[in-house]
């Protein structure tokens, strides 16, 4: 059936900010979909609240709205634009839930808008646990024994009948939010309560636990003609019981017999047909390892994380084709863009193995519960490709950016058998490493299988790796052993340590012996047809398929997996850089390993290498391609950290030189540069021992800011208020020695300002200055940023511009730089300079219309700013106000403290824009998920140091009609100021207390500031966690609270009695 001609305008709904469970994969799918629809000649309108994406670039759609994804704002856009149809299935769970809400509100009928792709009835049938279960029964498809529940009593009824353990799956939620496995009554109460709270329809499915079965996924496509194909099937190495987003996954499945494969394939196709899904769909199944009994777990009637993985694993662009199917095209009409010869109805075939390993945020949140279950905790993932599973797995391990080069972790070597058993049974983020350690220590595969039901095939592969380690150690210098180790994916780093040589020596040894990898193409058809994709992976085999052209080329290093501190913003910069390289006439080559992102879409660059970002893997590509140079500025800290080693190998670093990069990163050199330029900075020194640290802190005076040098996202950064906290930090957070010094700075309580600039060495151009709402001390990534600055005097602005220009020239920056200033007592100090793209680049690029990464890349390639139409100075400010608000994923990470400080905790960001600061703030806060009711109750419990400041805030809350609740200490201070307050019991009280109020939803806001430094102030911690678990906005910064008050005050009509008004007037007359 040809494409539909009865519709012209399509509204695409994006997925909003990055949170755990919904990351960069929707930037990739949304971008593909918009381009795909434009190719077909439709007018595309996009709404999304996330400014950090390629998707929200003005070029992606005909009209782009960066607005909150709420019923209020999306309805407004529909009424204004009057689209013929909406396409929600590419916006993740957010998009689906929005479609359901829009349909129920009546706005789609009112405006005559239809839902494209998967129909509303199919979405509801797949997402509503009750409807789905009924459909499976009609199809005779087995599901685990289960019960739909709406309250705790119903849950007890089911458990009494079936027994523990049971799995709780909330309806219409993302990444298993609120769900989990219950082994006893205590867990049942906690998880069911949380699940019902997180489900927008207050519904959970309780099912008998089938943990231990194999978890298999099928990624399926269907069109309106009922053509249906399997794009890819995948197998979780972790059995059922761990969320698929937290599982290590391989494609294609490795342990299924042909009969099992066909049986599950037929089931998947039968389900997608019964649901009537048009587009992409993900089916999750459980298979009993000892029989042919299987169960259907769930269906995602949309493009998902798994479909991004399947697209990158096969080269088959699911989202692009799903968009074409949505407008009526069929699979047998669409040409496969990879082969450009076959049609999209050919099922992809793989002649390699793909591994995906999740990237968790536990390096940031040491206190988080690391146990994995049905609620997802990973922020991102890496993917790798190899010719055998061992190679594929080891490449994925070294892609994780955790400083790991092999399937072993030093700290696990001390574990005894009992501890290993416990951790393997319970499953945490290190389980695969513990399995390898257990095998090293002689535990049998049979025992491990008994503990965790991981398939023998996978255990055998881990054992093969361990056996090879022994071979490597026993045969130092043996070239045959080296060859086999390399074919299994062993890194030079590991072999060098085993052979007591340097990594470079092993690399050179292989080069002399012609032991270098070749590059194979990902072509969707196992080389059956000729293919046009420039998409490659390395392996040790015979024929090299990556043909080097005679064009001049430039390599861009990507930023690896999405994690806190290094999000999709860096991918945005990478993609823009690649486009600029192509515009400048060079061949653009990208190296990256994140399957979720736009940068790893093979249509973006001239060549894509899907490889780990380690010196060895990058050098293999550079040796083959011999580029003009490498750009490291856009890949975050990942790429910057490779610069020195690349230069040692004789590779040219384009842009800011290594020496100048080091001058901005190395404390002493940076101080010297600032002194020379006459730019002030907070007093600070470097310590290489604990004693030195104590002495420096005494000399500077507390509070001090402590951090290791060379970090991203404020990792292990803290503000400490006294000596015992400093000693606690030195002992627990960092291992200080001469190579890893600790920086100690005077902590200045001032206004923080952030600037992004582009320098060509002569000229420095400043697209924008941003002011942070939270004072210095809250990480810039967790602060609310405002552009243009609202409270900076012209004099201070000029100081900031002068310092920025001086730093750009003085540090010889070529390309981008990001500077953080603090304004303290009317004086501007520099906190830090990052000689690279920062996380604010996409935000400022969109607002100012200056494509910063693009301009910077052209500067790096030799085209100065004046040639590009920019000069030195500050870009004229926009009239509207723009707010960048952080988004957190605390609900997914139990036992993480939500207090904001110098260590970054947010996973994503949203933008609000309007004519006034209050309106822009309102949009930003609402888009970030904070509910802003105009009346209600606010609980105030603040540290003594904040009491005075909190009084003014409490008074303003009272004036707009809020009830104030406080514990005795804070209440007394309020009463002294004649502010009405209701005293509530502290949390250790047996009676009705503060936590009960939060649990019962009787408070709209909780204001809670951290008492003293970091030693766990348990009460405060429990208050903050309880707020998160119950969806109550918990404000840990008084600056954020003030921002919310501004919004509330602007929404509230003032109500003063006539007497008050006349008294004021009389007062004025007297003065006249």
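Just so you know, glycine gets a Cβ as well, placed from its N, Cα and C.
Quick look at what Swiss-Prot lists:
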BINDING   129, 169, 175, 176, 208, 210, 215, 241, 242, 243, 284, 298  ATP 1 binding site
BINDING   284, 298  Mn(2+) 1 binding site
BINDING   298, 300  Mn(2+) 2 binding site
BINDING   298, 300  Mg(2+) 2 binding site
BINDING   832, 834  Mn(2+) 4 binding site
BINDING   832, 834  Mg(2+) 4 binding site
DOMAIN    133-327  domain 'ATP-grasp 1'
DOMAIN    671-861  domain 'ATP-grasp 2'
DOMAIN    930-1072  domain 'MGS-like'
REGION    547-929  region 'Carbamoyl phosphate synthetic domain'
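Feature map: annotations from Swiss-Prot on the structure.
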| residue | record | CB count, 10 Å |
| --- | --- | --- |
| 129 | ATP 1 binding site | 25 |
| 175 | ATP 1 binding site | 26 |
| 208 | ATP 1 binding site | 20 |
| 215 | ATP 1 binding site | 24 |
| 242 | ATP 1 binding site | 25 |
| 284 | ATP 1 binding site | 20 |
| 298 | Mn(2+) 1 binding site | 17 |
| 300 | Mn(2+) 2 binding site | 24 |
| 832 | Mn(2+) 4 binding site | 16 |
| 834 | Mn(2+) 4 binding site | 21 |
Quick one: what's DSSP say for residue 215 (ATP 1 binding site), helix, strand or coil?
strand
Which numbers of helix, strand and coil residues does DSSP report for the domain 'MGS-like' (930-1072)?
71 helix, 20 strand, 52 coil
Is any of the binding-site residues 298, 300, 834 within 10 Å of residue 284 (ATP 1 binding site) (Cα-Cα), and if so, which, in sequence order?
298, 300
Between all pairs in 129, 169, 175, 176, 208, 210, 215, 241, 242, 243, 284, 298 (listed as ATP 1 binders), what's the biggest Cα distance, rounded to the nearest Å?
20
Which of the binding-site residues 298, 300, 832, 834 has its Cα closest in space to the Cα of residue 129 (ATP 1 binding site)?
298
What's the CA-CA gap between residue 300 (Mn(2+) 2 binding site) and residue 834 (Mn(2+) 4 binding site) in angstrom, rounded?
41
If you average the pLDDT over the domain 'ATP-grasp 2' (671-861), what number do you get?
90
When you rank 298, 832, 834 by Cα distance to residue 242 (ATP 1 binding site), which of the binding-site residues ends up on top as the closest?
298
Work out how many Å separate residue 208 (ATP 1 binding site) and residue 832 (Mn(2+) 4 binding site) at their Cα atoms, rounded off.
54
Looking at the binding-site residues listed here (298, 832, 834), whose Cα lies nearest to that of residue 175 (ATP 1 binding site)?
298
Name the one residue among 298, 832, 834 whose Cα is closest in three-dimensional space to that of residue 215 (ATP 1 binding site); these are the binding-site residues.
298
Taking DSSP as the reference, which of helix, strand or coil describes residue 129 (ATP 1 binding site)?
helix
Structural state of residue 832 (Mn(2+) 4 binding site), classified by DSSP into three states:
strand
